[in-house]
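Copied over from Swiss-Prot:
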BINDING   17-24, 85-89, 139-142  GTP binding site
DOMAIN    8-277  domain 'tr-type G'
């Protein structure tokens, strides 16, 4: 297989949703249907000791939530699929945001009873902004929920995107019979004891079956005929531009509708895209010269070895283990001898990868999120990955002063992961951590104790707003007021932490010559 054929066989996507919509369950079932795992265990099965394949971190297994982005690769038909299961909890939107920079499409999971929820909306907007094609899986049809047309209208009106239902449900909840596949005109029954049924071109059942007298069946056929009469053909170009989403109905927990979705996904999802550089150069996935970027760093995937893995998206060319690459930020050459692929925490050495693949590089502290790696004589760097402005700030210290070495090591690694943001006061070197939400601090505290054996003391700073400074050379000590703290971030850039909006406006009016700005 040549490079072009290899690249065309790659499909790389992220799964996005609000917490509890069934995102991680869908991930498990996709792995199950691909043969990557033998048993699709239930995500919530804490009492049985079974945890989702993608929820590998101890805190995730205990709480049943995804707080990091897991990466898994599997083969299906003639395709190699890279799937990223992202954090559903809003406090970890920064990690999710960066993950969405590394994929070529996204799958949006919606709970049929709840419809579009706040976190789904937020993540959808990121996909829309990037023009990422979005596939929609409406989940939990075996429970009572909103009517199909109501859900489609909600998606179209709330998200401003056209919908195209690929299948249609017959009933829901206890009366859920199955789904009608529009393309094959077949009915796939929900219960195993039922056989697949066939419809003719007029949507009449070809077999004798009691369901013809069922009101749910009659309603489903009427609704589907309305959809067909609208006469809109599936527009693949609109999908690829992010203007149309194909919609699939099913139940991930019951393994129903998942394989239909997977079959359609590999048919319609895009192959790896070209990427833009800071130098305004478009890098084609078919370029012979290797390039990639780091979008995530994860410490302690193997707690026994205190390892650090940098997750790299291959953008162009072929990666070969042992090859020499240049880290563009430092302009230093390095030989990559340790590279890995993933099934959550199960790792396997990677000798070869092409555009679209996600691989892990063992990191001794060389890499930062957003780093560009290139082979040959290339000199470009890919565009920076986004960083969120924190909204909560805490002073942090080690409870036991004898644990300072472990304390600083833990903070250094967790900050480099992008799990939390780091600041230091100018004169006292007091460490202040910033986060988007409270759960980030809870996970930080948990990981410091479990992974670094350090109990930490955290104390609110009483500051809510962070503003960076364009013209740092004009900052003086007199600008540090009782309602603000001047600190440095991990890159040694000056940052003001303000008490509230009023304090921010007061500062801007008193010192108009200082140009403040926020991150995302």
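The backbone N, Cα and C atoms fix where each Cβ goes, glycine too.
Comparing local CB density within 10 A for the binding-site residues 17, 20, 23, 141, the maximum falls on 23. Within 10 Å of the C-beta of residue 86 (GTP binding site) there are 27 other C-beta atoms, taking all protein chains into account. Summed and averaged per residue, pLDDT over the domain 'tr-type G' (8-277) gives 84.
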